[in-house]
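Q: Pasting the feature list from Swiss-Prot:
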- 11-114: domain 'CRESS-DNA virus Rep endonuclease' (DOMAIN)
- 18-21: motif 'RCR-1' (MOTIF)
- 100-103: motif 'RCR-3' (MOTIF)
- 175-187: region 'Oligomerization' (REGION)
- G229, P230, T231, R232, T233, G234, K235, S236: ATP binding site (BINDING)
- 292-303: motif 'Nuclear localization signal' (MOTIF)
Amino acid sequence: MTSSSSNRQFLHRTANTFLTYPQCPEHPEIISQRIWDLVGRWNPLYIICAQEAHEDGNMHLHALIQTDKQVRTTDSRFFDIDGFHPNIQSAMSPNKVRDYILKEPLALFERGTFVPRKKTFLGNSSKGNSEKKPSKDEIMQDIISHATSKPEYLSMVRKSFPYDWATKLQYFEYSANKLFPDIQEEFINPHPTSEPDLLCNESIKDWLQPNIYQQADNGSRKQSLYIVGPTRTGKSTWARSLGRHNYWQNNVDWSSYNEDAIYNIVDDIPFKYCPCWKQLVGCQKEFVVNPKYGKKKKVQMKSKPTIILANSDEDWMKEMTPGQLEYFEANCMIYIMSPGEKWYSPPQLPPTEEV
C-alpha cells in the first residue's frame, strides 16, 4: 500500500504565517517579494525571510509573513514558488518564530513593521496585542488543518510535542492513519487460476457467484466455505487464486488484517486455536478483536466469507459440540473431498500422432 495525501480539506486561516522552503537556493529577498504579492489581498504588514544552512548541507528558507486580515486558503499549493513547496503553519507565537528565523541566518530580508502577536487567528492589529499562550488543542488543530501527508503530520507533532511524541507515538500514528489512509494498490494475483477437478464442481460454482464474484453490498450476509480433504490436492492455491484476501496459517493474526480484502482464508489451523471462529464462519460485521501486541480494534465493516481449509486429520467438525456444529452447518457450505479429487485440472497431454 502507498501513503495517501487523503481527500480531507487543507485549511490555512491566520494572520501570522510561518513558511519553510526546504532545499531552496533562492535569495530571501526574491522569495519575500513573491510571498508579499501572494498575500496582497489580505494587506501584508511585515515579512522576514532568512536563508539557513541545514544539517543535510542544503539551503533552507524560513519566512514569517504577517497580514492585517487573516489569510484564508484551502489550497495546499498556494505558497508554492517556482516549484518549491513550503511547509505551512500558523505562527502561534510570532515573537518566537521571528527569534527562530534570526538564529543563524546566512542571508536575511525584512520588509514592513513587525507586529508582536502571540495568539493565532487574531487579525486586525488595531485591536491590540494578546499574550495568551496557545493551548494544546489550538496547536493540534493547526497541525491537523495544515498537514498534507502522514510524514508531514508526524513531523509537525514531533516538533510541537516532543515529549508526547516520544511517549505516545502509537496514538499519533493511529490518528495519522485515520487522517491519511493508505491508497490500496492494484491487486495482482500471484496465484494461478485453474478449474477444480471435482465430482461436484457445480456446487462450488454456485457458492462462488454470490459470495466472491458479486461484491455489491446489499446488506445480506455472505456464506462461508469449509473444505476438508487430503493434503497436496491444491486446496490452498485454489482458495488464494480467487482475489484479494486475508490469509492466516498456523495462527490468526489480526494485526495484518486488510479491510479491503474480499474474503478470508483460514488454512490448516486447528479448531481450538481459531479465535473468533463464530464471527469468521458467520460472516459477521463490525466485531472487536484483540491483536497480539496491539490494542483492540473493530474489523470487518461489511460481511465477508471465510474459506476454511482443513486436512482430514484436523477436521473441525470432529472437535465441535452439537451446538457449535449446528451453527457451523447453518453458516457454511461444507465440501468433503472424495478420493481422487483435486483443486486443479490435470495437465493436458499433447495429442499422439497415429503411425
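A Cβ is built for glycine as well, from the same backbone N, Cα and C atoms used for every other residue.
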Q: Mind tallying the motif 'RCR-3' (100-103) by DSSP state, helix then strand then coil?
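A: Across the motif 'RCR-3' (100-103), DSSP assigns the residues as follows: 2 helix, 0 strand, 2 coil.
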Q: By a Cβ-Cβ criterion of under 8 Å, what residues six or more beyond either terminus of the motif 'Nuclear localization signal' (292-303) are in contact with it?
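A: 170, 217, 220-222, 253-255, 257, 259, 279, 283-286.
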Q: On average, what pLDDT score does this prediction assign to the motif 'RCR-1' (18-21)?
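A: PLDDT averaged over the stretch: 94.
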Q: Given a separation of at least six residues and a C-beta threshold under 8 Å, show me what packs close to T231 (ATP binding site) in the same chain.
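A: Those within reach of T231 (ATP binding site), by Cβ under 8 Å and sequence separation of 6 or more, are N311.
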Q: Neighbours of the ATP site G229, P230, T231, R232, T233, G234, K235, S236: Cβ within 8 Å of the Cβ centroid, same chain, sequence order.
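A: Near the ATP site, the remaining chain residues are L309, N311, M337, K342, W343.
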Q: Ranking the binding-site residues R232, K235 by other Cβ atoms within 10 Å, which is at the bottom?
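A: Sparsest of the binding-site residues R232, K235 by Cβ contacts within 10 Å: R232.
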Q: What residue among the binding-site residues G229, P230, G234 has the most other CB atoms lying within 10 A of its CB?
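A: Of the binding-site residues G229, P230, G234, the highest Cβ count within 10 Å belongs to G229.
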Q: Check G229 (ATP binding site) against DSSP and tell me helix, strand or coil, would you?
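A: DSSP call for G229 (ATP binding site): strand.
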Q: Taking the Cβ of S236 (ATP binding site) as the reference point, list residues of the same chain whose Cβ is under 8 angstroms away and which are at least six residues distant in sequence.
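A: Within the chain, S236 (ATP binding site) has Cβ neighbours under 8 Å at I265, D267, L309.
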Q: When DSSP states are grouped into helix, strand and coil, how many residues of the domain 'CRESS-DNA virus Rep endonuclease' (11-114) land in each?
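A: Secondary-structure breakdown of the domain 'CRESS-DNA virus Rep endonuclease' (11-114): 22 helix, 47 strand, 35 coil.
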